[in-house]
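Notes for the one structure printed next.
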Amino acid sequence: LLVPARQLVSWGAAGAMVFGGVVPYVPQYRDIRRTQNAEGFSTYVCLVLLVANILRILFWFGRRFESPLLWQSIIMIITMLLMLKLCTEVRVSNELNIKRRSFAAADSKDEEIKAPPKRSYLDFDLNYFWHWSKFTDYVQCVLTFTGVTGYVTYLWLDSTLFVETLGFLAVFTEAMLGVPQLYRNYQNRSTEGMSVKMVLMWTSGDTFKTVYFILNQAPFQFSICGLLQVFVDIAILLQVYLYSYYPQKPVSHTAHPASTKAL
């Protein structure tokens, strides 16, 4: 009986690893869709997770780690694209007199743009990076990043140093997941609009994930950065307590139009 029980536990843990990472974003997605307000969620979280999981998939080609971790990355990429699509639609619908911003090039035939200059991929406005007006611009950016990093990985796949560095960058980037939200809360001196449920699920999920890495002897980069991720989650929870019981005067952002307060 112990063998089937262990097998069930193993399958359950693998399933939790694959789908557990996206669970915290379900209540956040529903809240944004219900309220039509995405101000409490930083889309830079999506950027961090997209970069981290794309690099992790590339790392898999150099060092074949467990398949549940690979599938987790694929599911997470799909989830983050869905979050970006919703946040972009909500933000654009709520903004008045919006100025169209794009990743690649401004289309002179676009009726919403008056006499736009001809622009190339390298000529986009860095002040509005990851703050574009159409979901397709985010997709273009993600595909460009994937293509460039994929080509570099293909050229250096035989280098052990490169592969291990790639793995470290992948999990370290993911470990920085909560930093945009942490900084956003600090700027606003408030956690209003942020889903506390999401952060609690982040913390529990990251704790489970780190234990899973250690018990299954995943590459050492995973375990170290998993611990770092748990510490960041705890720092955000401390902000929730601090700003709830000791409210602080919000900082004005009028002088910083490109700050992370804007999605």
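Positions of Cβ are set from backbone N, Cα and C atoms, glycine also.
Here is what TrEMBL says about this protein:
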- 12-29: transmembrane segment (TRANSMEM)
- 41-63: transmembrane segment (TRANSMEM)
- 69-87: transmembrane segment (TRANSMEM)
- 138-157: transmembrane segment (TRANSMEM)
- 163-183: transmembrane segment (TRANSMEM)
- 221-243: transmembrane segment (TRANSMEM)
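The stretch from 12-29, 41-63, 69-87, 163-183, 221-243 that makes the most Cβ contacts under 8 Å with the transmembrane segment (138-157) is 41-63. Among residues of the same chain six or more beyond the transmembrane segment (12-29), those with a C-beta under 8 A of the stretch's C-beta atoms are 41, 66, 68-69, 71-72, 75-76, 79, 82-83, 86, 195, 197-199, 201-202, 205, 208-209, 212.
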